[in-house]
Structures are given as structure tokens and as C-alpha cells.
Amino acid sequence: MALVQRQHSYLLRYFRLMASRPRPRLFSHSLYPSLHRHSSALSSSTPRIKFQLANVFSQRLVQRNAVSPKSFMSSTMESLQESSTSKDYSSEHIQVLEGLDPVRKRPGMYIGSTGSRGLHHLVYEILDNAIDEAQAGFASKIDVVLHSDDSVSISDNGRGIPTDLHPATGKSSLETVLTVLHAGGKFGGKSSGYSVSGGLHGVGLSVVNALSEALEVIVRRDGMEFQQKYSRGKPVTTLTCHVLPPESRGTQGTCIRFWPDKEVFTTAIQFDHNTIAGRIRELAFLNPKVTISLKKEDDDPERDVYSEYFYAGGLTEYVSWLNTDKKPLHDVLGFRKEINGSTVDVSLQWCSDAYSDTMLGYANSIRTIDGGTHIEGVKASLTRTLNSLAKKLKVIKEKDISLSGEHVREGLTCIVSVKVPNPEFEGQTKTRLGNPEVRKIVDQSVQEYLTEYLELHPDVLESIISKSLNAYKAALAAKRARELVRSKSVLKSSSLPGKLADCSSTDPAESEIFIVEGDSAGGSAKQGRDRRFQAILPLRGKILNIERKDEAAMYKNEEIQNLILGLGLGVKGEDFNKENLRYHKIIILTDADVDGAHIRTLLLTFFFRYQRALFDAGCIYVGVPPLFKVERGKQAHYCYDDAALKKITASFPGNASYNIQRFKGLGEMMPAQLWETTMNPDTRILKQLVVDDAAETNMVFSSLMGARVDVRKELIKSAATRMNLENLDI
């Protein structure tokens, strides 16, 4: 997209932004002759498009469709009116959902959402099943293919799903796990097929089946190949089998191919290669004995992309990879320990040029994005053990100094992976581990390892404590500014920034704030907004790059203070509470030039480092102003990219006379134009950002916004070959 390439697209590698716009769907035949699509109902001409804010690097911040307040209120009132028409309430109104109907009725309960994240969750469910086979020692190779018809196939060389008759259902075991909720081999106990697995509820495969237009499965085991096809959770063919040829009789495993259902998902059915590659890379680090391949097919076979992931070093190599662009204080520390049937695997490293921590937790190879008892165990052990060792070995001389968890974790990259026979996850999407015994096991293991290692390597302890003491001193220097932020109530207008043009609504859920670049754009935005629910905060130039500054410098910066106070962000490090925000929509609105792209990136860096939970809560948005205005007679057309401009001009007669205006700054637009094209909830394009892969996003911010010029230069050089020089705004 031309808009992107004019805005230093290398600064926004991991921002994938999508919005519905027309474009034709592309389909092609499968490379697997045994997996054909027979039903014409599986194809669709539904117009969809994917907008990308950057196409230079793999993306890690993903967009979700935004619903305008007016649209929300309209649909809500319609629902209320419909429900109020029936005053009777009897047994006729009680619905009994059977089979996989609950999944199709409430898909969000099983996959988190019906947007992009839920779409990719389907892939992860099948991929995690293959990983469970690998963790059990039965699979060593997993292949993932993103087909050009928007389907996905995942195959492994594990044992293969059983196909014999199941005594409880009277169906084959294969059909049972595909069509019956809570049917699987991972419930633990003597009858379980796995000692350790990421599956708990026996719903993963059946959920994918329920939410797919079509699903095809091939199982190879016992010298036979079994095949069956499904549509929206129901079998459309019987289970067929044939004897494998002699040269293939030793092969075994499972291959699942599915086409997500367009009736279920609210976004375009389009899998992001980089998102899935990030998850596969993660799994390869966590399972060092497994090779995972990823292939992205194209209509033109010469443009197919193939990658293979294998990391013999495991978590130690993972930490090194994450810290590639940083200055480590010591070699990567790590250990693996088994206690009472559970396995604890931890790797960690401190870096001198990092001012925040990166802590990633996994349970049975499932990424627990909301942490859990394993992360709590590491944090508690680190704080207690480092304080104890520092005082014991007299690295800390003052008796009164006690380093907090924030101090000892500054600059830390830590990965903890646990394998637990009976994991207790919160919800089907498994975002948090709840086993209380895991905290004790992890805490004890980390303490024993660090105590032994650091007593033998006092120089490493000294470097870590020195880094922690610097964090402690910086925290003291920032205390006055922090207390100022804490003492100023976000509800008092007297404490708000002077340039903030607030909205009249006091309900954060319906309020939104536009962070705009400069007084010129701020003036147009203030005049063009809807004062009832839209606030405007103009910035004075570029804000501080907090990636290169400590906490003290950050709190002293006036523009940063304005953001913290104006938005109600609270104090860094404190638990995030969305209800404390003054606005639940924070919209970044900058000019379509290099400076605008830079300011947007600085703001994203600030939000990611200061309060990362803003992305998880769905509060961060990017506004999209038009690039062009095309006037022909009394008609005016606004175009948001070069493709739209070409489409409009191509629709005019050859001898037509028209004028094209290129907008580079928001200040060039009249208030009415800005409202209609960029701020009106009914007509604007608003793109929501969420963190899809925290580890890679963290690494990119470190590379692009950190102090190391050589790393940034190398990153830019590696992207140069993929940029269209004609679209650069020089």
C-alpha cells in the first residue's frame, strides 16, 4: 500500500492492520491429490480485502474490526425491541443445543473471538495436537501448509488418530473426536493416551471441525490409510480405507486440512504467514527434538515460501535469539529439572541496555499470555534469592536497601516452560496457568539453581546486582514525578493537560481520544469532532523515545506526563485496570509522511513499554486519513491508497477533466473534511492494534528504537530490497 511505503514502513514491521474492503478471492487446486475440494459451496465470491500498514517485515500487531458507538447502540436497541415483543416465557423458550451446535452458537467461548485471533486459533488447536504427539515421543516432524485457497493443512508423523469403533458412541474413534465435544485422549489417568499434553477438554479438534465449511482428515496407521470428509461439524462421507503400498506401509501420522467457515468469522478468511511462523518458531524452541516446516502456497508455484524450524539449543537458544540486538551482561543461564512428574525448564539473561523485562511463560508448550503460577514462582524466587545472595556475599553494602521485583528484573529476558500432567488452565483458550503446586516447584527450582550458580560465579552476581542497583536509584529519582502522577486524579479537570480538548461524556466506554500531531492538525480536529464523545490531545513535536531512557527521564518529560494524565494511564508497573482509563478508545492520528510515521512509532513504543495491557484490552487504534481527494465537477472522491486512486481515475472517461489533491498533513484538511473521512464513526477506517506475538514485538522495538545503530542499520538494509522506491516520501 502506497500509504505505508511513504511512511518509513520499516518502523512498523509488526503492525498488521486489516479492514473490510472489496477485492476478489483467489482459489487454486491443492498440491495434495488426496485432499480435493468437491463442493462448489465451499467457494465464495464475497468481496474482502486486507489492508497492511507495513509490508516490509513480518507483522506482530494485529487489527480487529472496530464497531462505532452508533452502530452498537442501534443493534442493541433492535435486540431489546425484538426481545420485548414476547412476554411469555415457558418451556418452549428453553433451547437444548446438541452435538457441536453450542460451538457454532457461541464460537467466542471456544476460540476467543470470531476475528483474526480466533481464526488463527483454529490453526493452533490442530498444531498443538501434533506437538502433543511430539512431546509424548511419537512424532519428530510436523508440516504446515497455508494453501492459496485460504485453507490450512497440518500433518505429523505421530501414531495417527485411532480409527477403530468406539464402544461409547458406536462410531469410529476418529469420527468421535471430530464430532463429540469433550472426547479425546488427554484427560489423564491410566486410560489417557498422553502423560503430558496441552489438551485438556477434548474439544480442540471438534471445535475446528464445527467452525469449518469443510474439513478433510487422513490417518495412516497399521499399514492402512483412512480418509473422511466433514462440513460444519458433520460427516459428509463415510470413513474409507485402503492398504498402503509396500513402500509406504511403515509411514504413520495424521493430516488435517480445513476451510474456515465464512458464516462464522467476521474478518476476511486469510491466514497471516508471519503470525503462524512466529507460533511455529516458538514451538520449535520449546521442543528441540522436533522439526516443523511451514509452506505458504501461491497461485504461482515459483512464489511459494518454505521455511523449516529446528533449534537443538531449546530455551537457551530462544533467549539468545530474543537478545540478539542487546548487550548481554553474561552468558544465558538455564536449567531443566523434573520434580514429582512435572518438568521445569528455565532460561534467563540480563542485558545492560534494556530497561524493562521480557518474561514468557509456557505450560505444556501452550503460551500463557496472562502468566500464571509458573511466572509467579519465577518472580518470587528471583527477588528473594538475589537479595539474599547479594547481602550474603556483601555485594550490597547498605543494610537498609532491599531490591524489589521491578529492580531485579530490569533488563531481564526469562523464559519458563513447565510440563505438568494435569494442568489447570483458565478457559478453553488457556491464557493463564492456575496449578498452585507449580508455583512452589518453580520457586524452589530457580532458587536452588541460582544459588549454586551465582555462588560459583560472583562476577555474574555482581553485574546483575549492579544493574538492579541502577534501577533502584533511577526509581528513587523518579519517585517525585511518579507521586505527582499518582496524586493527580484523572477525574479532576484541573490536573488535565492544558491543550487537551475533553469531551462532555464522562463514560470511558463511549469516549475516545485522538492523539494528533501539532496545533494545526489539533485545530482542525477540535473543530471537526463530535464534542459529545470525542476528545483531542495535540502533541508538541516528537515525544521522548522511552526505549533509550530510564524511568526517571520518562516521568520528567512534559509530553509523556500529558499522555499519562490525559489518558489516565496510572503509574508504570502497577496492575492495569481498564476502568481507570478516561477513554477506552485511544486513537493515534498522524500525518501521512515520514514525521507522522515516526511520531506514531514513538507513541506505540511508549504504550508498549509503559502499559502493554492497553493492547490486550483493545484500547489502541490507528486512524486512517485519506491520501487523495479527486474532484470531478461537483463530485469529490477520497482515496486511502494508490490502488483506490487508480480505480477512481480509471472509471472516468478518457477525456474527463479532474483534479487530484494529495494530503500530506491533517492540517491541510478542512474540519468538515476531517470529520467525514477520518473521525465520523459511520464512515471512517479505524484500525485496532493488539499484540499477537509479545516476544517478537519486544525484539523489534528493541532493534528499531534501541541505542544500537548497527542493529537498526542492518534491519533497514535487510528490508530495502522489499521496498518500492517510487513510493518513498523523500
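Here the Cβ of each residue, glycine as well, is placed from N, Cα and C on the backbone.
Here the structure is a predicted model, which means the values were calculated and not measured.
In this structure, Asp591 (Mg(2+) 1 binding site) belongs to neither helix nor strand by DSSP; it is coil. Residues or ranges marked as Mg(2+) 1 binding site by Swiss-Prot on the basis of sequence analysis: Glu517, Asp591.
Swiss-Prot lists Asp591, Asp593 with the feature Mg(2+) 2 binding site, giving sequence analysis as the kind of evidence. Other Cβ atoms within 10 Å of the Cβ of Asp593 (Mg(2+) 2 binding site), summed over all protein chains shown, number 16.
The domain 'Toprim' annotation in Swiss-Prot covers 511-618, and the record cites sequence analysis as its basis. Regional average pLDDT for the domain 'Toprim' (511-618) in the model is 87.
Among the features that Swiss-Prot reports, site 'Interaction with DNA' is placed at Lys542 (among others). In three-state terms derived from DSSP, Lys542 (site 'Interaction with DNA') belongs to neither a helical nor a strand segment and is classed as coil. Annotation for Lys542 (site 'Interaction with DNA'): spatial neighbours Asp595, His598, Ile599, Leu602, criterion Cβ-Cβ under 8 Å with sequence separation of six or more.
Under a cutoff of 8 A between CB atoms, and with a sequence separation of 6+ in the same chain, the neighbours of Asn545 (site 'Interaction with DNA') are Leu602, Thr605, Met705. The feature site 'Interaction with DNA' is assigned by Swiss-Prot to Asn545 (among others).
The transit peptide annotation in Swiss-Prot covers 1-34 and rests on sequence analysis.
Of the listed binding-site residues Glu517, Asp591, the Cβ environment within 10 Å is emptiest of other Cβ atoms at Asp591. According to DSSP, Glu517 (Mg(2+) 1 binding site) is assigned to a strand segment.
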